[in-house]
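For reference, the structure is listed below as structure tokens.
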């Protein structure tokens, strides 16, 4: 990895942790992330003009994928907000980052893509699963089903389902989009175009969710008057962080290095949350975080 790639990914790691800290600090709701996504859409508005020729070439199937990914992204944000309201960021953050790896692996086997996973990757996935089992334990001898039925744990799983969903959908959508637009745009431009579509679709899904929920509508007013600055900052940082990840890929010989380096956000986010919010730091939690981190590194490099 080059110095510039390490620098870009490091900034993106800190940015990812930062927007999670900002949102956790506000006891977020769907309304908070609606406002954050609104800010992201406004930042991306020039893209509607830049990629105007791409819109007319999108197939109905890709539009369907864009619609579905917006729903899964909304599930992710709603689940993440609920997990942060119900429990510790030092528990929810590693779970939401790790569980999708397990779910995507299961889906790959279901869809007949299991041969794509190497032995090292499979070992890493099993290590991640073990770490996720340890994370919520108060003590090593306190293994109980109740550890995994807490609202924080369940909403973290809900958010992870959203991440798994949009990851799988985005993969197929980008394949289709690259095939359709390969003569009009470069691969990087197509990816940026898809981020624009995905963000706008997510905004619509969150807007619908907030619109039909009386509680969320009240929360939207509260967020606007009390936390709009934090929400807007989160939205801008979310978009910028992913842009940095995409930019870093141009400076590495293997994108797996990017995926592995990004996992630094797990111990970093958990440790900062423990100190910033004075969250409990039980030995099983710290051990679980370390195990998950190691497993994900193995998955990324395997």
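Yeah, the Cβs are placed from backbone N, Cα and C, and that goes for glycine too.
Because TrEMBL annotations are produced automatically, they should be read as predictions rather than curated entries.
A Cβ distance under 8 Å defines the sequence-distant neighbours of the transmembrane segment (6-23), meaning residues of its chain 6+ beyond its ends; these are 32-33, 36, 80-81, 84, 89, 93, 230, 233-234, 237-238, 240-242, 244-245, 247-248, 251, 258, 261-262, 264-265, 268-269, 272-273, 276. The transmembrane segment annotation in TrEMBL covers 6-23 (among others).
For 30-51 (among others), the entry in TrEMBL reads transmembrane segment. Beyond the transmembrane segment (30-51), the same-chain residues lying 6 or more positions past its ends with a Cβ under 8 Å from any Cβ of the stretch are 19, 23, 74, 77-78, 80-81, 185, 189, 192-193, 195-196, 199-200, 202-203, 206-207, 209-210, 213, 216-217, 219-220, 222-224, 227-228, 231-236, 238-239.
The list of residues near the transmembrane segment (63-84) in space but at least 6 beyond its ends in sequence, with Cβ under 8 angstroms from a Cβ of it, reads 23-24, 27-30, 32-33, 37, 92, 95-96, 151-152, 155-166, 169-170, 172-173, 176, 197-198, 200-206, 209. Per TrEMBL, the feature transmembrane segment maps to 63-84 (among others).
What TrEMBL lists as transmembrane segment is 91-111 (among others). Among residues of the same chain six or more beyond the transmembrane segment (91-111), those with a C-beta under 8 A of the stretch's C-beta atoms are 20, 76, 79-80, 83-84, 117, 122, 125, 128-129, 131-132, 135-136, 152-153, 155-157, 159-161, 163-164, 167-168, 263, 265-266, 269-270, 273, 279, 285, 288-289, 292-293, 295-296, 299.
Look at TrEMBL and you will find 117-136 (among others) tagged as transmembrane segment. Same-chain residues lying 6 or more positions outside the transmembrane segment (117-136) and placing a CB less than 8 Å from one of its CB atoms are 91, 94-95, 98-99, 101-102, 105, 108, 147-148, 150, 153, 284-285, 287-302.
Under the heading transmembrane segment, TrEMBL lists 148-169 (among others).
The transmembrane segment feature in TrEMBL is assigned to 189-210 (among others).
Tertiary neighbourhood of the transmembrane segment (231-251): same-chain residues 1-2, 4-5, 8-9, 11-12, 15-16, 18-19, 22-23, 26, 32-33, 35-40, 43-44, 188, 191-192, 195, 199, 223, 258, 262, selected by CB-CB distance under 8 Å and a gap of 6+ residues from either end. Taken from TrEMBL, the feature transmembrane segment applies to 231-251 (among others).
According to TrEMBL, the feature transmembrane segment maps to 257-276 (among others).
Counting only same-chain residues 6+ beyond the ends of the transmembrane segment (283-301), those with a CB under 8 A from a CB of the stretch are 90-91, 94, 97-98, 101, 120-121, 123-140, 256-257, 259-260, 263, 266-267, 270. Per TrEMBL, transmembrane segment is recorded for 283-301 (among others).
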